[in-house]
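Undergrad: What Swiss-Prot records for this protein is below:
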- 1-6: topological domain 'Cytoplasmic' (TOPO_DOM)
- 7-28: transmembrane segment (TRANSMEM)
- 29-740: topological domain 'Extracellular' (TOPO_DOM)
- Asn136: N-linked glycosylation site (CARBOHYD)
- Thr258, Leu261, Glu425, Glu428: Ca(2+) binding site (BINDING)
- Asn274: N-linked glycosylation site (CARBOHYD)
- Cys296-Cys313: disulfide bond (DISULFID)
- Asn299: N-linked glycosylation site (CARBOHYD)
- Asn334: N-linked glycosylation site (CARBOHYD)
- Asn345: N-linked glycosylation site (CARBOHYD)
- His368, Asp378, Asp445: Zn(2+) 1 binding site (BINDING)
- Asp378, Glu417, His545: Zn(2+) 2 binding site (BINDING)
- Glu416: active site, proton donor/acceptor (ACT_SITE)
- Asn451: N-linked glycosylation site (CARBOHYD)
- Asn492: N-linked glycosylation site (CARBOHYD)
Amino acid sequence: MQWTKVLGLGLGAAALLGLGIILGHFAIPKKANSLAPQDLDLEILETVMGQLDAHRIRENLRELSREPHLASSPRDEDLVQLLLQRWKDPESGLDSAEASTYEVLLSFPSQEQPNVVDIVGPTGGIIHSCHRTEENVTGEQGGPDVVQPYAAYAPSGTPQGLLVYANRGAEEDFKELQTQGIKLEGTIALTRYGGVGRGAKAVNAAKHGVAGVLVYTDPADINDGLSSPDETFPNSWYLPPSGVERGSYYEYFGDPLTPYLPAVPSSFRVDLANVSGFPPIPTQPIGFQDARDLLCNLNGTLAPATWQGALGCHYRLGPGFRPDGDFPADSQVNVSVYNRLELRNSSNVLGIIRGAVEPDRYVLYGNHRDSWVHGAVDPSSGTAVLLELSRVLGTLLKKGTWRPRRSIVFASWGAEEFGLIGSTEFTEEFFNKLQERTVAYINVDISVFANATLRVQGTPPVQSVVFSATKEIRSPGPGDLSIYDNWIRYFNRSSPVYGLVPSLGSLGAGSDYAPFVHFLGISSMDIAYTYDRSKTSARIYPTYHTAFDTFDYVDKFLDPGFSSHQAVARTAGSVILRLSDSFFLPLKVSDYSETLRSFLQAAQQDLGALLEQHSISLGPLVTAVEKFEAEAAALGQRISTLQKGSPDPLQVRMLNDQLMLLERTFLNPRAFPEERYYSHVLWAPRTGSVVTFPGLSNACSRARDTASGSEAWAEVQRQLSIVVTALEGAAATLRPVADL
Ligand SMILES: *[C@@H]1O[C@H](CO)[C@@H](O)[C@H](O)[C@H]1NC(C)=O
Ligand SMILES: *[C@@H]1O[C@H](CO)[C@@H](O)[C@H](O)[C@H]1NC(C)=O
Ligand SMILES: *[C@@H]1O[C@H](CO)[C@@H](O)[C@H](O)[C@H]1NC(C)=O
Ligand SMILES: *[C@@H]1O[C@H](CO)[C@@H](O)[C@H](O)[C@H]1NC(C)=O
Ligand SMILES: *[C@@H]1O[C@H](CO)[C@@H](O)[C@H](O)[C@H]1NC(C)=O
Ligand SMILES: *[C@@H]1O[C@H](CO)[C@@H](O)[C@H](O)[C@H]1NC(C)=O
Ligand SMILES: *[C@@H]1O[C@H](CO)[C@@H](O)[C@H](O)[C@H]1NC(C)=O
Ligand SMILES: [Zn+2]
């Protein structure tokens with residue numbers, strides 16, 4: 001009904017115009033204005049900024065986090081319905097909304113046979129057991145839907161052995177234990193979160209013959225050293241002693257059975273025996289009160305200073321317990337894991353606002369919906385913002401006040417916590433369509449880690465739109481600063497082009513933006529409010545992935561008043577409007593020049609001599625970077641010139657396509673055959689220490705100690721050619737379209 005109204009208005013205007021022409025155009029000179037192309041409307045922007053309501057975000061969060069909503073659980077499905085209902089609301093909904101389902105492989109602990117960690121005495125009896133659940137501190141930790149802490153995708157098994165302490169479970173940590181003469185075969189390794197990824201701890205341990213892995217969160221890493229109940233939640237924002245970080249230990253992302261294919265019923269599925277990327281040995285996370293019982297009773301030599309933590313004792317390496325401790329010296333630790341793999345239906349919800357002028361250009365905005373437990377922060381703080389944004393935009397839409405130039409697609413992804421599954425399956429199913437039509441992807445997962453400052457990760461073309469947006473929004477907290485001016489106080493860098501600016505982080509694979517940037521090559525960003533690093537060293541907000549991540553936790557400690565949530569909503573809202581409504585796309589491709597230049601300089605300074613020794617020239621790379629810089633600058637010039645006149649919309653569309661497609665030119669699906677999905681040659685994972693093109697950095701670090709003519713040096717040359725070809729291709733895309 002509202003749609004017909006918009007159409008009706010349009011026809012009316014056309015009729016008037018027709019009449020004007022018949023009457024002679026002097027009769028209605030002002031109507032000429034209606035021929036101006038639809039562009040960003042600052043009044044609409046102001047209205048949206050004003051209507052984004054902190055109180056409503058708070059109420060959204062209360063509802064979203066009322067019950068645990070683990071992926072594919074009944075409550076997760078209830079939230080699918082809640083989203084559909086909001087997005088189909090006649091007063092504040094979108095043009096259309098629907099859920100779509102994938103059948104994916106998830107991992108759960110057994111209900112009947114909980115995972116247990118026991119200390120087994122010399123005669124085989126259990127003399128001590130770790131807690132199986134978190135303490136029911138606020139009454140929300142003891143509910144039937146609180147999933148027991150577990151390491152998703154860790155295999156079942158019941159290893160038992162002497163305990164060793166392996167710091168963060170990095171390869172170098174196990175090497176250190178070996179150097180110390182500790183026999184690792186058949187042991188249980190106690191590790192702490194941080195340093196390397198979850199799954200990597202088990203992979204590294206297994207390489208050394210370790211039979212089982214325990215993972216805990218040290219109060220030094222999460223609680224600024226504090227560990228007693230009166231210093232932790234609900235008395236502060238710190239993690240209670242029984243809190244346990246759950247998480248996926250899968251090494252890749254996407255549904256494990258259907259790599260590169262959507263997990264629809266008809267798709268080919270890999271044989272379970274052939275799935276790679278699961279942890280090789282049983283693994284179980286525990287809380288630091290349990291870790292203290294284990295670690296503070298270890299025998300053996302003192303662990304290195306950097307391995308010490310805040311459990312209030314000297315950490316030793318083991319193996320086994322000390323004779324004068326709480327347990328008999330030859331006691332062992334038994335880790336019994338009964339996790340099960342299960343096929344489950346997991347839903348994405350998509351809501352669409354059709355663009356008025358360029359409906360075939362999409363601005364995508366998304367967050368996951370599934371949590372580990374109540375997930376007030378992760379992910380509901382983001383979903384609460386998503387719902388408020390869609391309400392405000394939906395209301396303007398239904399009133400007939402506004403319709404964007406381009407289409408806006410809102411997404412609520414399923415099963416992110418298990419490995420970005422819903423978003424990855426979506427990118428697999430609609431690979432071509434999304435690549436051809438998506439202008440940018442905006443991700444707001446955890447919207448508020450803490451209330452000090454904005455933090456943005458993204459590819460260079462999004463920098464300028466985020467800057468434009470944040471300069472116009474007041475920052476919460478004391479003083480009269482813009483979000484931009486507050487942000488620059490916490491994260492800044494000196495740009496050769498702009499001087500001191502806020503610094504954007506780069507995108508790894510921590511949330512649903514990963515398939516969009518790495519697999520599809522879509523310019524992407526992730527937006528949140530975060531810490532003042534001078535006030536805390538917590539590696540993430542302390543109750544992350546525990547049963548203490550609740551509404552009250554956010555309401556009392558993270559963001560009382562919800563002004564940081566509102567700041568994120570305004571930032572994301574302004575970015576969405578600018579991307580969907582601006583006549584010229586606000587993607588500044590020349591901002592890639594700085595990145596390329598700094599990668600090139602690092603390659604010249606830190607790899608130049610080595611490459612020269614092996615007769616490899618960086619000359620073609622220098623030429624390619626220079627060409628890119630020149631073409632990006634020239635395109636910027638053409639846009640400024642056009643902006644001064646009244647350009648033909650078709651001409652602008654051609655330029656906008658160049659801006660949109662630039663990110664795509666950096667993809668090479670053959671660049672990293674050992675990686676899954678990663679194909680963006682500038683942002684693939686870097687293991688080499690030189691901060692340059694990742695393929696080049698990694699290849700050089702592998703080739704360094706091999707002879708010229710080795711396969712490793714051939715790979716360096718291949719990687720160099722891949723980068724040169726990508727940059728030449730990027731420059732060609734930016735060139736005037738009639739030139740080849
Ligand atoms: C946790 O506390 C709540 C409120 O006090 C109570 O209703 C619930 O039964 C408790 N759960 C367990 C497992 O003790
Ligand atoms: C560990 O404990 C489980 C359960 O009690 C038991 O079945 C298993 O045999 C034990 N593991 C070893 C290696 O003894
Ligand atoms: C599993 O992988 C092996 C080795 O790649 C292959 O020979 C075998 O056919 C695969 N099995 C299935 C069922 O796909
Ligand atoms: C405890 O460790 C010391 C050396 O650090 C070793 O000499 C001793 O044998 C160990 N005791 C037991 C019971 O493992
Ligand atoms: C997923 O849903 C489809 C269609 O409703 C159903 O046929 C299938 O059995 C479901 N799969 C699982 C694992 O529940
Ligand atoms: C963040 O929250 C704390 C605790 O409520 C408050 O003291 C502080 O002023 C807030 N900071 C900002 C920047 O809003
Ligand atoms: C830049 O950031 C650092 C912290 O990384 C901060 O100490 C400094 O004051 C900031 N500079 C400005 C001008 O705000
Ligand atoms: Zn999340």
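Just so you know, glycine gets a Cβ as well, placed from its N, Cα and C.
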Undergrad: Could you check which of these recorded positions, Cys296, Cys313, His368, sit within 10 Å of Glu416 (active site, proton donor/acceptor), going Cα to Cα?
TA: His368
Undergrad: With Cβ-Cβ distance below 8 Å and at least 6 positions apart along the chain, what are the contacts of His545 (Zn(2+) 2 binding site)? List them in sequence order.
TA: Glu245, Arg246, Gly247, Trp372, Val373, Asp378, Glu417
Undergrad: Mean pLDDT for the topological domain 'Cytoplasmic' (1-6), rounded to an integer?
TA: 36
Undergrad: Counting across all protein chains present, how many other Cβ atoms fall within 10 Å of the Cβ of Asp378 (Zn(2+) 1 binding site)?
TA: 26
Undergrad: In whole Å, note down how far the CA of Glu425 (Ca(2+) binding site) lies from the CA of Asn345 (N-linked glycosylation site).
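TA: Asn345 (N-linked glycosylation site) to Glu425 (Ca(2+) binding site), Cα-Cα distance: 12 Å.
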Undergrad: For Asn136 (N-linked glycosylation site) and Glu428 (Ca(2+) binding site), what Cα-Cα distance in Å is obtained after rounding to a whole number?
TA: 41
Undergrad: Across all the protein chains here, work out how many other Cβ atoms are within 10 Å of the Cβ of His368 (Zn(2+) 1 binding site).
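TA: Taking every protein chain into account, the count is 28.
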Undergrad: What three-state secondary structure does DSSP assign to Glu425 (Ca(2+) binding site)?
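TA: Its secondary structure by DSSP: helix.
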Undergrad: Can you tell me which of Asn136, Asn299, Glu417, our recorded positions, come within under 6 Å of ligand 1 at the Cβ?
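TA: Result: Asn136.
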Undergrad: Would you mind checking how many other C-beta atoms are within 10 angstroms of the C-beta on Glu417 (Zn(2+) 2 binding site)?
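TA: Its Cβ has 22 other Cβ atoms within 10 Å.
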Undergrad: Whole-number answer please: how many Å between the C-alpha atoms of Leu261 (Ca(2+) binding site) and Asn451 (N-linked glycosylation site)?
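TA: Between the alpha carbons of Leu261 (Ca(2+) binding site) and Asn451 (N-linked glycosylation site) there are 40 Å.
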Undergrad: In angstrom units, rounded to an integer, how far apart are the Cα atoms of Asn274 (N-linked glycosylation site) and Asn299 (N-linked glycosylation site)?
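TA: With distance taken Cα to Cα, Asn299 (N-linked glycosylation site) is 40 Å from Asn274 (N-linked glycosylation site).
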Undergrad: Tell me, by DSSP, whether Asn345 (N-linked glycosylation site) is helix, strand or coil?
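TA: It is in a strand.
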Undergrad: Round to a whole number and give the Cα-to-Cα distance in Å for the pair Asn299 (N-linked glycosylation site) and Asp445 (Zn(2+) 1 binding site).
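TA: Roughly 43 Å, rounded to the nearest whole number.
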